[in-house]
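Take a look at the structure set out below.
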Amino acid sequence: MTPHINAPAGAFADVVLMPGDPLRAKYIAETFLENAEQVTNVRNMFGYTGTYKGRRISIMGHGMGIPSCSIYAKELITEYGVKKIIRVGSCGAVRADVKLRDIVIGSGACTDSKVNRIRFRDNDFAAIADFEMTLAAYQVAKQKNISVQVGNLFSADLFYTPDVAMFDVMEKYGILGVEMEAAGIYVVAAEYGVKSLAICTVSDHIRSGEKLSAEDRQLTFNEMIEIALESVLIGDQT
């Protein structure tokens, strides 16, 4: 057990899907897993373990922002032996060609956070996803005829940013989605020698003002979850 996870040793599978919202973790476990059992509930950050098509998989919320997700990712890796983490969450779009409900596979993640520089002795670390996990997710999407875009996310420290001009810079550099965690998870995974990936569904469009309801964010995004789960099965074959 840790200060943030009250699960016994062996409670988590080697692969964990991590949404930010603990209620989305509950929804994923109850909707997609067989024989799902809650294994942790500290601070109402729920974690579950069950099976998907016979494959043992866990679901664990990670909260909002790089500090929160870094704590949970680190403890899952070092205390519970997790080898692969897939963030499944929401993001905002800035580009006109990225629409509401589009799915983004984050091959890399930029950030304005200082956290990764602290880890990497004040140098920039290229926060990238594992290639095989990225490829597996892309292959699943193509097999299921689900439209996805692959490229850079931007992990922001501020949800309500005063620097709106930065959105123009993001668009210029081809950022597909703005969220708050991927860059942190990628670097925690790199630090401890495990694999990670972030798959996000566009819940807001920063330019147009379109957005999904809180209920939609919690209970939908099924295609993203299917891509993540099926990609685990493909990964087992490589």
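Here the Cβ of each residue, glycine as well, is placed from N, Cα and C on the backbone.
Since this is a predicted model, take the numbers as computed values, not measurements.
DSSP assigns Asp204 (active site, proton donor) to a strand in the three-state reduction. Marked as active site, proton donor by Swiss-Prot on the basis of sequence analysis: Asp204.
Marked as purine D-ribonucleoside binding site by Swiss-Prot on the basis of similarity to another entry: His4, Glu179, Met180, Glu181, Ser203, Asp204. Close to Asp204 (active site, proton donor) in the fold, though at least 6 residues off in sequence, lie Ser90, Cys91, Gly92, Ala93, Leu100, Glu210, Lys211, Leu212, each with a CB less than 8 Å from its CB.
Among the features that Swiss-Prot reports, phosphate binding site is placed at Gly20, Arg24, Arg43, Arg87, Val88, Gly89, Ser90, with the record citing similarity to another entry. Non-local contacts of Arg87 (phosphate binding site) by the CB criterion (under 8 A, 6+ apart in sequence, same chain) comprise Leu17, Met18, Pro19, His62, Cys69, Glu181, Ala182, Ile185, Ser196, Leu197, Ala198, Ile199, Cys200.
Positions annotated as site 'Important for catalytic activity' by Swiss-Prot: Arg217. Annotation note: Arg217 (site 'Important for catalytic activity') sits in a helical segment as assigned by DSSP. Long-range Cβ contacts of Arg217 (site 'Important for catalytic activity') within its own chain (separation 6+, distance under 8 Å): Asp21, Arg24, Ser90, Ser203.
Between the alpha carbons (Cα) of His4 (purine D-ribonucleoside binding site) and Gly20 (phosphate binding site) lies a span of roughly 15 Å. Fewest other C-beta atoms within 10 Å: among the binding-site residues Arg24, Arg43, that description fits Arg43. Cβ neighbour count for Gly20 (phosphate binding site): 22 (other Cβ atoms within 10 Å of its Cβ, all protein chains included). In the three-state DSSP reading, Arg24 (phosphate binding site) counts as helix.
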